[in-house]
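Chemist: Structure below; questions to follow.
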Amino acid sequence: MTELDEMGTMPPLLSVEGLSIRYRGAGAPVLAVRDVSFHVNPGEIVAIVGESGSGKSQSMLAAMGLLPHNATAEGRIAFQGRDLLGMSRSDLRALRGSQMSMIFQEPMTSLDPLYRIGDQIMEPILRHQRIGRRAARARALEMLELVQMPEPERKMRAYPHELSGGQRQRVMIAMALANRPSLLIADEPTTALDVTIQAEIIALMRDLQRQNGMGVVFITHDLGLVRHIADRVYVMRAGEVVEQGATGALFSAPTHPYTRALLDAEPNGHKAPPAAGAPEILRTRALRVSFGSGRSRLEILHGIDLDLKAGETLGIVGESGSGKSTLARAILRLIDARGEIRFDGQDLTALSARALRPWRAQIQVVFQDPFGALSPHLSAGQIVTEGLLVHRPDLDAAARDRAAIAALEEVGLPGAARHRYIHEFSGGQRQRIAIARALILKPRLLVLDEPTSALDRMVQRQVIDLLRDLQARHGLAYVFVSHDLAVVRALADRVIVMKQGEVVEQGPVEQVLTAPRTPYARRLMAAAGLEDPGRVGSRQGHRS
Amino acid sequence: MTRYIFWRLLTAVPTLVVVVTLTFFMMRVAPGGPFDQERALDPVIRANLERAYHLDLPLVQQYAIYLGNLARGDLGPSFTMPEFSVAELLAAGLPVSVRLGGWALVMALVLGGGLGVWAALRRNGWVDRLVVALATAGSTIPTFVVAPVFQLVFALSLRWLPVGGWEGGAFRNLIGPVICLMLPQLAVVARLMRSSMIEALHSHHIRTARALGLSELAVVLRHALRSALLPVVSYAGPAAAALMTGSVVVETIFSIPGVGRYFVDAALNRDYTVVMGAVVVLAVFTILFNLIVDIVYTIIDPRVRYD
């Protein structure tokens with residue numbers, strides 16, 4: 001089908017030629033997108049992949065006429081042969097939401113919080129179709145049923161805050177498709193969602209795409225997803241298209257080094273198992289956490305048992321709300337827990353805050369958000385050595401400075417970086433600083449709460465390599481919390497799967513990820529495309 | 001909702017008692033009293049006066065008497081204007097101040113809100129710069145400068161408007177004081193509206209509305225303005241209470257018989273009962289307008305719920 005269209009009998013649905021996007025700012029204008037060309041044929045799914053800042057979203061915002069005021073687009077963008085960049089605002093508004101629609105990455109904030117779902121879906125229908133409110137309401141309800149919204153009648157009257165992230169994204173899709181557009185632009189539509197929800201939304205979009213014969217532009221950094229759904233792929237880097245081609249060809253024989261690096265950056269390999277006879281370092285028994293009291297008391301964890309040896313990594317996976325992060329916080333004694341948390345034989349739940357302090361140095365943490373977890377008012381050196389002030393009061397300033405250099409070099413940053421402030425570092429560098437801050441106290445257990453989730457794949461890969469390397473060198477034990485099963489697979493020895501505050505399955509990583517026994521774990525692994533590694537390559541077959 | 005309003009009005013009573021108590025004792029701690037004048041009073045007359053107003057009793061007993069009278073709605077007699085009771089002073093002056101303040105508030109919200117939205121839509125354009133400049137001027141030039149200049153220009157030179165006076169609240173007499181009372185509020189409202197509107201226009205759901213091809217009018221009025229109103233509404237509550245309890249500067253310059261002048265005179269002359277009356281009025285207004293703000297919040301934002 002794709003081949004035939006490219007022969008040129010039909011004009012492309014969307015064609016972008018020589019697009020450049022410039023941002024005016026305080027200094028010289030910044031060229032965000034440089035001479036980019038691509039096209040989308042009717043009924044075709046095209047993926048644009050690249051890391052954050054590569055210009056992939058900017059190009060599509062330009063097509064929709066949604067660039068911010070300080071940006072200007074040059075070149076030519078044509079939709080069904082009509083020039084979008086030169087079009088009047090009112091002509092463009094008539095196309096948007098009817099002929100071409102866009103859905104965004106942020107399902108939590110992309111709906112107006114002040115209006116009911118039904119009214120919001122009706123808005124584009126009333127805007128673009130000559131029908132009355134009754135008919136528009138019927139059409140809106142029909143759309144909610146089409147996107148498989150549970151209890152569609154009731155959801156019509158609900159407000160966005162009463163819906164989950166997945167449900168909100170369904171509403172976005174319903175709004176975008178309500179006028180049967182011939183082009184849908186989806187900008188990372190599933191990135192903010194749990195894997196199981198991701199799989200459902202992707203399946204839904206593919207069904208709808210096939211029913212309506214729409215062209216779809218899929219903007220994503222998730223190569224697994226691209227392999228799964230796209231006909232053709234454009235790879236963008238630093239504002240330019242560096243490679244393009246049919247999905248199968250591009251994945252099997254990438255020509256550009258960047259594409260190869262991108263493919264290579266998908267987490268792979270396995271961790272070496274811990275030494276035989278390694279001592280047990282952490283053991284929890286019947287670990288419970290609850291919030292509130294009396295009638296409003298809410299049990300978050302219902303008795304968790306886990307064991308961890310020195311040099312071992314325990315992966316904790318599950319959907320959001322399953323209690324993963326609560327468990328991590330309980331082990332760190334950042335929140336109150338009942339039951340037993342034995343670290344090196346000592347029950348930590350029995351200790352007073354004061355008696356706990358020396359143990360705290362041995363259990364350190366790295367959080368998910370490299371932008372929020374480090375103080376912007378301190379230099380990297382101050383951040384890294386802050387723990388020494390508490391736990392090593394015997395050290396003087398010179399000794400702390402030497403320790404900072406050593407810790408930063410250990411995580412692959414130059415010692416001179418200690419004088420710089422956090423805003424000067426990239427996300428990956430910040431996460432290295434967070435790791436250095438944890439390591440400087442010579443801990444034996446590191447709790448890693450989604451440490452790579454906010455990072456691009458290639459940076460993620462480097463952080464994973466660093467964590468593996470540090471573990472081998474120091475015999476660290478890791479508790480690794482993540483919803484990203486591919487990363488867990490690359491890092492963990494054993495995995496526990498959590499659901500609603502309970503462990504539903506546990507075992508060696510390969511066994512749990514590729515041959516899960518419980519239905520919940522099976523659903524989770526299937527959604528991540530992990531249950532059978534042999535099938536990943538054959539996904540293409542599903543489409544034609 | 002009805003239950004919530006009832007509950008809020010019920011909790012207003014202890015709040016009022018606390019305010020009254022604090023004011024009562026703070027007034028008495030301040031040196032001087034209502035009968036301290038430049039020429040010392042005859043001790044016998046002074047003693048008689050103090051007995052008549054219960055000022056000879058222990059402080060706690062005076063407090064109990066005042067609270068008891070207040071509960072019955074009796075605010076007591078004025079010490080320095082013996083021919084009037086505090087209730088009579090309020091009955092005469094408060095409608096004037098409320099009318100003046102009410103107009104100033106409405107104008108400030110409508111004009112300031114409008115200017116703020118306009119500036120946000122033309123961000124960094126000349127309209128925006130002009131509004132920001134006006135807002136800065138409005139909040140930095142004090143009313144005691146604006147009001148005399150206004151009189152000089154519009155009353156004395158152009159003779160379009162009266163210099164002052166109330167005349168039962170005639171339209172001509174309202175214009176000057178309302179404008180002078182409004183300007184600083186207008187400046188604040190315009191600035192608040194501008195910044196919250198700019199923020200609202202940058203939110204993700206506005207991008208969604210644009211991506212769906214909605215008209216610019218629907219985007220601005222239906223989606224951006226509604227969420228941008230919240231900070232302005234929360235400012236309007238306390239501002240309304242302050243405006244409607246009288247402005248001493250505007251009322252003095254335009255010779256308007258509102259309550260603002262009484263209140264300041266009373267505080268200077270230690271006219272205890274009038275000061276207490278003023279505090280009660282201000283407290284009641286503040287409680288009332290904050291309640292109205294909270295109710296308006298639930299209308300604007302469905303996420304706000306009081307149960």
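Here the Cβ of each residue, glycine as well, is placed from N, Cα and C on the backbone.
Taken from TrEMBL, the feature domain 'ABC transmembrane type-1' applies to B:94-293. According to TrEMBL, the feature transmembrane segment maps to B:7-27, B:100-121, B:130-154, B:174-193, B:232-254, B:274-300.
Each of the listed features needs to be described in terms of its position in the shown structure.
Modeler: Beyond the transmembrane segment (B:7-27), the same-chain residues lying 6 or more positions past its ends with a Cβ under 8 Å from any Cβ of the stretch are 59, 63, 66-67, 70, 270, 272, 275-276, 279-280, 283-284, 287, 291, 294.
Tertiary neighbourhood of the transmembrane segment (B:100-121): same-chain residues 127-128, 131-132, 134-135, 174, 177-179, 181-182, 185-195, 197-198, 201, 220, 225, 228, 232, 236, 239-240, 242-247, 250-251, 256, 258, selected by CB-CB distance under 8 Å and a gap of 6+ residues from either end.
If you look at the transmembrane segment (B:232-254), the same-chain residues 6 or more away from its ends with a CB under 8 A from one of its CBs are 93-94, 97-98, 100-102, 104-105, 108-109, 113, 116, 143-144, 147-148, 151, 163-165, 173, 176-177, 180-181, 185, 188-189, 192-193, 196, 260-264, 278, 281-282, 285-286, 288-290, 292-293, 296-297, 300.
Same-chain residues lying 6 or more positions outside the transmembrane segment (B:274-300) and placing a CB less than 8 Å from one of its CB atoms are 1, 5, 8-9, 12, 15-16, 19-20, 23-24, 27, 66, 70, 75-76, 78-80, 86-87, 89-90, 94, 226-227, 229-230, 233-234, 236-238, 240-241, 244-245, 259, 262-263, 266-267, 306.
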Chemist: When you scan the chain for residues with a C-beta under 8 Å from the transmembrane segment (B:174-193), skipping those not six or more beyond its ends, what do you find?
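Modeler: Distant contacts of the transmembrane segment (B:174-193): 99-101, 103-105, 107-109, 111-113, 115-117, 119-120, 131-132, 134-139, 141, 143, 146-147, 150-151, 154-155, 161-162, 164, 228, 231-232, 235-236, 239, 243, 247, 250-251, 253-254, 256.
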